[in-house]
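**Q** Relevant sequence annotations retrieved from Swiss-Prot are reproduced here:
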BINDING   THR65, PRO66, ALA67, GLY68, GLU69, GLY70, LYS71, SER72  ATP binding site
Amino acid sequence: MKTDIEIAQSIELKPIVDVVEKLGISYDDLELYGKYKAKLSFDKIRAVESNPVGKLILVTAINPTPAGEGKSTLTIGLADALNKIGKKTMIAIREPSLGPVMGIKGGAAGGGYAQVLPMEDINLHFTGDMHAITTANNALSALIDNHLHQGNELGIDQRRILWKRVVDLNDRALRHVTVGLGGPLNGIPREDGFDITVASEIMAILCLATDIEDLKRRLANIVIGYRYDRTPVSVGDLQVEGALALILKDAIKPNLVQTIYGTPAFVHGGPFANIAHGCNSVLATTTALHLADYTVTEAGFGADLGAEKFLDIKTPNLPTSPDAVVIVATLRALKMNGGVAKDALTEENVEAVRAGFANLKRHVENIRKFGIPAVVAINEFVSDTEAEIAALKELCASIDVPVELASVWADGAEGGVALAETVVKTIAENPANYKRLYDNDLSVQEKIEKIVTEIYRGSKVNFEKKAQTQIAQIVQNGWDKLPICMAKTQYSFSDNPNALGAPENFEITIRELVPKLGAGFIVALTGDVMTMPGLPKRPAALNMDVESDGTVLGLF
């Protein structure tokens with residue numbers, strides 16, 4: 001079979017104006033970036049707000065292998081299949097970060113015959129949103145350092161500045177840096193560091209803001225650090241929220257592209273799910289719900305991270321809650337969670353599938369806690385065997401969860417028809433009754449304990465001394481009624497990436513709590529989660545090139 005990039009380059013794209021015409025979007029509603037990419041105008045976004053709200057399908061997954069389990073591929077393929085069976089469907093997914101594209105992933109726009117196009121543009125600079133977020137973030141850093149240099153009227157303690165610079169790359173050498181060196185003319189020396197752009201609070205804000213005014217309000221609420229008297233300093237104190245919003249005025253508008261089969265797709269925003277809330281923008285998802293009968297969206301990593309955050313953080317900002325959750329499972333991930341070594345995942349091992357099913361079962365149970373019906377999608381790989389598939393179907397039947405094999409990577413829309421029909425049937429026969437996991441009025445500790453004990457199935461939460469001090473500060477400042485965004489490894493229910501399967505009765509340690517008032521949540525950091533990833537021994541970048549005619553090579 002052809003590579004992803006070869007498949008993408010073999011497709012004759014339709015002008016984006018033609019793709020979105022069926023949604024009632026005209027040329028005048030678009031801000032074009034060439035023939036095949038566009039942003040949707042705010043006038044059109046506001047015009048469709050009175051339209052009925054369609055059905056929402058959330059795609060999540062079991063705890064993944066390092067290569068991922070094909071959530072984006074399944075999301076795209078399911079939407080194509082829904083359109084194929086006559087359901088007016090849109091996609092709302094995240095934009096890839098260039099760091100992982102150059103690092104381990106090599107691309108993140110779906111795969112095989114379930115891709116959003118033009119995949120080269122989407123994986124690289126796209127419409128410049130990542131650049132705008134990076135620039136806004138670093139403009140704030142420059143303004144903070146300038147304030148220190150110009151006399152520090154606000155009394156900011158440079159030892160307690162929370163705000164870091166960002167770059168959209170995996171670059172471990174930038175995790176800890178010192179700025180302001182070189183004498184009095186070059187600023188005030190202080191410790192600083194870089195995060196990856198998608199970890200920036202501005203990325204989370206962009207994905208939760210509903211319009212320019214809300215964007216400015218959220219930007220003003222960002223806590224950049226503390227004064228010498230330990231009181232918080234915000235962007236509003238610096239009076240620069242207007243300037244930051246100006247940099248982001250186009251980035252906030254959702255991007256429109258198409259799939260191989262011509263399904264319209266919003267690709268907008270891209271926070272990571274292990275260090276942020278892991279969902280595409282509220283604006284894109286909400287607008288899709290007003291334009292289509294079915295919207296298919298995704299949340300990053302496993303359901304313990306992305307789906308929990310989608311349901312506890314993003315859903316309260318949407319006009320509706322998910323009508324169904326599709327949990328993507330692969331036999332290789334089940335075998336890994338069943339104790340098989342990574343180099344043996346392609347070998348038949350029915351017993352390991354049975355052992356690893358405990359992981360999938362827990363995710364199904366967790367989704368049901370939110371009052372939403374679950375459907376299991378087996379993302380088919382060439383190494384899967386009939387015996388393994390039969391065992392998984394039998395196990396799913398034992399817990400009364402619908403399950404379908406999906407071959408959208410190899411077969412495109414046709415390979416997702418059975419899944420699409422099952423999802424539509426599930427929505428019709430099992431109406432969702434959404435409820436949040438916790439009430440925001442609970443204490444910070446109680447909310448974290450609720451997530452750890454009910455979703456992860458841990459027995460106890462330990463708070464390090466630094467975290468205890470920060471909780472007291474959060475309560476003192478009146479921030480304790482915000483939801484919790486857990487920063488945790490994606491590979492395990494616990495904070496130990498090696499504890500695979502369905503561990504129980506473990507303890508989780510909270511080492512730090514970071515207020516993200518602009519985004520509207522408190523980040524609870526566990527384990528060794530990094531906000532600036534590093535590159536692997538052999539980065540995907542080594543396989544990439546561009547020919548003299550501009551043809552891109554090596555994205556996959």
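Cβ coordinates are placed from backbone N, Cα and C, and glycine is handled just like the others.
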**Q** Look up PRO66 (ATP binding site) in the DSSP assignment and report helix, strand or coil.
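**A** The three-state answer is coil.
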**Q** Give me the sequence-ordered set of same-chain residues, not including THR65, PRO66, ALA67, GLY68, GLU69, GLY70, LYS71, SER72, with a C-beta within 8 angstroms of the centroid of the ATP site's C-beta atoms.
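**A** Close Cβ neighbours, site residues excluded: ALA61, PRO64, THR330, ALA333.
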**Q** Just going by other Cβ atoms within 10 Å, which of the binding-site residues THR65, SER72 has the emptiest spot?
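**A** Checked THR65, SER72; of these binding-site residues, fewest Cβ neighbours within 10 Å: THR65.
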**Q** Enter the number of other CB atoms within 10 angstroms of the CB of LYS71 (ATP binding site).
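**A** Counting Cβ neighbours of LYS71 (ATP binding site) within 10 Å gives 25.
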**Q** Let's check the environment of ALA67 (ATP binding site): how many other CB atoms sit within 10 Å of its CB?
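**A** If we count other Cβ atoms within 10 Å of ALA67 (ATP binding site), we arrive at 14.
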**Q** Return the single residue from the binding-site residues list (PRO66, GLY68, GLY70) that has the minimum number of other CB atoms within 10 Å.
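**A** Candidates: the binding-site residues PRO66, GLY68, GLY70. Fewest Cβ atoms within 10 Å: PRO66.
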**Q** Inside 10 Å of the Cβ of GLU69 (ATP binding site), count up the other Cβ atoms and send me the figure.
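**A** Its Cβ shell of radius 10 Å holds 25 other Cβ atoms.
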